[in-house]
Amino acid sequence: AEARSMESLEKQLICPICLEMFSKPVVILPCQHNLCRKCANDVFQASNPLWQSRGSSAVPSGGRFRCPSCRHEVVLDRHGVYGLQRNLLVENIIDIYKQESARPLHAKAEQHLMCEEHEDERINIYCLRCEAPTCSLCKVFGAHKDCEVAPLPAVYQRQKSELSDGIAMLVAGNDRIQAIITQMEEICHTIEENGRRQKQHLGLRFDALYGILEERKKELLQSIAAEQEAKLQRVRGLIRQYGDHLEASSKLVESAIQAMEEPQMALYLQLDPAAPGVSLPCRITDMSKASMSSRPEPGYENMDHFSINVDYVAEMLRTIEFQTGA
């Protein structure tokens, strides 16, 4: 149980960059995650290649990078990583742990790693050709006797260093990719906003065209209605005039028929009381001679002169296009 507790504690004291136990000084990020100061500086320098170092004569400016554990953006002041607060509690825990455990990290796992071919031999060298850890007997007598080897700790430290550098590069690359994604998301938002605004402007322009068409349509309809009313008034006036003449003529015909039925000559020859001084035959003659030649000229009812040709306007509307180079 004690061993498991120590292993659990070890995991909490591992730096996510170098994968080793935190080395002093330990800095605490705003997101409460910890890094070795050297690892934090490596990540910061990779994300801010143009940032001036502390030893530069120029006044340095702040920079930013993302926490490798949670991707939270860490914004630094002009002091860079050296402006981050040290985590003294973690440093004290590391000191206590090292005092209680007189072995490096992962030592228990390494002391039990034995060679499969030579069970009594520990794996202590690394075959560079086969890229595999092995023991000294395998180098002298075994499968790796013709291979070039190197001390296991040296290869271990070199690969861990390369891995740490690779992690820093990936973290820096991820930060740059995230910045590009953020920029492109802002571009998408701007495109949507510009598209919405241009759609609104286009709608207003076409609404103005609709208004002009409606206004012109109203004016032309009023012109047709005015001439229609004038012609109707004239023709209806003539209808009333002819109607009055027809009514008077009908009454005169009726009077003439009644006179024709009078058997007494004296009564027949008497003057018509309806028209004193004018005999009935004279009235009939005057009525028949009355001029009724006033009538609409041929084609008076035609309204075709109000026809319009909108083909060229329709063709022009179809050619409406966005301005270029505006």
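Each residue, glycine too, has its Cβ placed from N, Cα and C.
The structure displayed is predicted, hence computed values, not measured ones.
The domain 'RING-type' annotation in TrEMBL covers 15-71. Taken from TrEMBL, the feature domain 'B box-type' covers 110-152. Feature annotation from TrEMBL assigns domain 'COS' to 265-323.
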Exercise. Can you name the far-off residues of the same chain, 6+ from the ends of the domain 'B box-type' (110-152), with a Cβ under 8 Å from a Cβ of it?
Worked result: none
Seminar exercise, completed: Across the domain 'B box-type' (110-152) the predicted model averages a pLDDT of 77
Exercise. What does DSSP give as the helix, strand and coil breakdown of the domain 'B box-type' (110-152)?
Worked result: 8 helix, 11 strand, 24 coil
